[in-house]
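Pulled from TrEMBL:
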TRANSMEM  21-41  transmembrane segment
TRANSMEM  53-71  transmembrane segment
TRANSMEM  83-103  transmembrane segment
TRANSMEM  109-129  transmembrane segment
TRANSMEM  141-161  transmembrane segment
TRANSMEM  181-198  transmembrane segment
TRANSMEM  244-263  transmembrane segment
TRANSMEM  275-296  transmembrane segment
TRANSMEM  303-326  transmembrane segment
TRANSMEM  338-362  transmembrane segment
Amino acid sequence: MTVVDGGESPSRLEGKISGMIVCWILGFGSLIAWNSMLTIGDYYLPDYHPSRVLTLVYQPFAFGTMSILAYNESKINTRRRNIFGYSLFVASTFMLLVLDLATSGRGGLGSFIGICAIVAFFGVADAFVQGGIVGDLSFMLPDFIQSFFAGLAASGALTSALRLITKAAFEKSNNGLRKGAILFLAISTLFEFLLKYFRSKAALEGSKTVQADLAAAGIQTKDDHHEQNERLSNKQLVIQNIDYALDLFLIYVLTLSIFPGFLYENTGEHKLGTWKGLTIAILSRFLLIPAFYFTAKYGDQGWMILLVSFLGLTNGHLTVCVMTAAPKSYKRPEQNALGNILVLCLLIGIFAGVSLGWLWLFGKKNAF
């Protein structure tokens with residue numbers, strides 16, 4: 001039997017591979033709904049700048065909900081929070097399908113407003129799921145956080161591949177773009193439903209708290225009651241980890257100022273060391289802004305693909321570095337709270353990046 005004290009991870013944990021697979025699937029399911037929305041942007045009214053507008057609608061709701069949840073983190077049942085989030089993903093993705101069928105794909109401003117309302121629910125669901133899971137994983141093995149964020153990254157790649165397949169399947173048929181989008185949404189809805197079903201089933205059959213999960217896996221933990229009373233406040237955690245919080249903000253303010261808006265409309269084990277090394281690496285990514293500008297203006301598609309790949313790889317790698325480095329040396333309740341706080345900073349960076357992404361439109365003809 002392994003003993004876990006405070007923020008230390010168990011030296012040996014049976015079922016680690018299974019746990020990593022589950023974390024990957026949970027990460028994949030956390031973004032498949034939103035990535036599905038972005039991937040069919042060619043179907044949803046391009047004249048309204050859907051990639052920019054929908055992202056700008058999504059983020060305030062994600063940020064506002066995450067702020068409330070992070071503040072009340074210690075009072076919330078994490079399992080119910082996660083299940084509610086996945087349920088909301090299922091309902092929202094299904095409503096996109098219903099909206100399209102109800103309007104026969106005619107589009108128009110009314111349909112676009114309805115899509116924006118559904119996207120707002122995506123933002124709420126994301127805050128419930130991502131913050132809750134990252135908070136739980138923050139005091140488990142770092143490998144679990146890596147797997148979760150790997151699932152987030154894979155969601156974008158696999159949904160893009162699925163979209164290409166469904167689009168190609170109906171390419172030569174009448175109204176093929178709409179048929180491909182409907183099939184794509186149906187598959188996404190089914191996956192979200194299965195994920196929510198099995199997550200709910202696991203919660204019913206398993207123990208009711210993470211503490212009991214660890215005990216069932218053969219890990220003996222010390223009583224959290226005393227630790228909970230002595231844990232640092234959220235304000236103290238933010239002050240002590242302001243460097244990591246700023247790092248996450250800078251990572252995502254850059255990435256989201258470029259992706260998806262700029263690309264959509266303009267182009268057709270971690271060993272980084274201390275937080276200083278992380279910050280230097282993160283700040284150096286801002287050189288990508290002039291790189292993207294001049295590549296879009298003078299370069300060819302090969303260079304753009306290289307830049308996009310580098311943007312994505314560094315975004316994911318640096319995020320995992322921060323998420324795994326920050327919670328170390330804290331007690332379990334503090335690690336959970338810090339995980340929620342870091343996700344909040346991540347969402348602030350995304351919101352700022354999405355807003356700044358509109359600056360790429362200035363100087364373009366017929367941009368507005």
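Yeah, the Cβs are placed from backbone N, Cα and C, and that goes for glycine too.
Note: TrEMBL annotation is automatic and uncurated.
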* Asked: Same chain, outside the transmembrane segment (181-198) by at least 6, Cβ under 8 Å from its Cβ: which residues?
  -> 25-26, 29, 32-33, 36, 39-40, 43, 83, 86-87, 89-90, 93-94, 96-97, 100-101, 159, 162-163, 166-167, 169-170
* Asked: What same-chain residues lie close to the transmembrane segment (338-362): Cβ under 8 Å, and 6 or more beyond its ends?
  -> 49, 52, 55-56, 59-60, 62-63, 66-67, 69-70, 73, 127, 130-132, 134-138, 234, 237-238, 241, 244-246, 248-258, 261-262, 265-266, 319, 322-323, 326-327, 330, 368
* Of 21-41, 83-103, 109-129, 141-161, whichever stretch has the most CB pairs under 8 A to the transmembrane segment (53-71) -> 109-129
